[in-house]
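Remarks on the structure that follows.
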Amino acid sequence: MATLFIADLHLCVEEPAITAGFLRFLAGEARKADALYILGDLFEAWIGDDDPNPLHRQMAAAIKAVSDSGVPCYFIHGNRDFLLGKRFARESGMTLLPEEKVLELYGRRVLIMHGDTLCTDDAGYQAFRTKVHKPWLQTLFLALPLFVRKRIAVRMRANSKEANSSKSLAIMDVNQNAVVSAMEKHQVQWLIHGHTHRPAVHELIANQQPAFRVVLGAWHTEGSMVKVTADDVELIHFPF
């Protein structure tokens, strides 16, 4: 058996091929797993569990079917869907996890997260992240009428795209010291995350021992998952 990890699908109505690929994944590979972990940015945007977007209901039903089949499903918030709440989690049969979670998998101690907190060189983003994660601000935003939230979300995505266009790729990648610090804080030799859209398996030293950082790919033109078994940790790409 295997435990599966995915991230950065950025589901939206404008990308039906990605949605179709995810549905096939849920109906196939996911049903064979010991567990499925979604490490953030499942959706391109999330303005509240009360958004009647049919895509959200469709995805909730599809994930719930996996959960109901006996495969537990877990979710860590990303930078795009950090407002995804208990209502959607309940509808989809997912368990919400904290932003950093340590798992014991087949004899390995593995830290999982979305990965945006590791990009500490991007001071502008980290300041923005701190602001939008304030509970009072989230409560205020979610109390706004849906049409107002949609307008704000469109403006924020446009601002983010403009800001990122002027940033170097290095700034938007993880900071190595932040990676080592997180792994040593949790006493792990394995880290799995997404966010950067740069799939790879990196070797490093943490806790004065060899360690590994496995980065999930985004679902732009193909699927990406990490498959952990008793024998191996594999980064796998597959067609939609």
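Glycine is treated like the rest: Cβ placed from N, Cα and C.
ASN79 is the residue from ASN79, ASN159 that Swiss-Prot records in the Mn(2+) 2 site together with ASP41, HIS114, HIS195. Record check: Swiss-Prot places ASN79, ARG80, SER160, ASN164, LYS167, HIS195 at the substrate site, and the matching candidate among ASP122, ASP232 is ASP122. Binding of Mn(2+) 1 is attributed by Swiss-Prot to ASP8, HIS10, ASP41, and within the candidate set HIS197, HIS202, HIS237 the record adds HIS197 to that site. Cα of HIS114 (Mn(2+) 2 binding site) to Cα of ASP8 (Mn(2+) 1 binding site): a span of 9 Å. ASP8 (Mn(2+) 1 binding site) has HIS195 nearby among the binding-site residues ASP122, SER160, ASN164, LYS167, HIS195, counting only those with a Cα within 10 angstroms of its own Cα.
For the recorded Mn(2+) 2 site, residues ASP41, ASN79, HIS114, HIS195 set the reference point as the centre of their Cβ atoms, and the other residues of that chain within 8 Å of it by Cβ are ALA7, ASP8, LEU39, GLY40, HIS77, GLY78, ARG80, GLY115, ASP116, GLY194.
Closest to ARG80 (substrate binding site) by Cα-Cα distance, out of the binding-site residues HIS10, ASP41, HIS195, HIS197, is ASP41. Across the structure, ASP122 (substrate binding site) and ASN79 (Mn(2+) 2 binding site) are spaced 14 Å apart at their Cα atoms.
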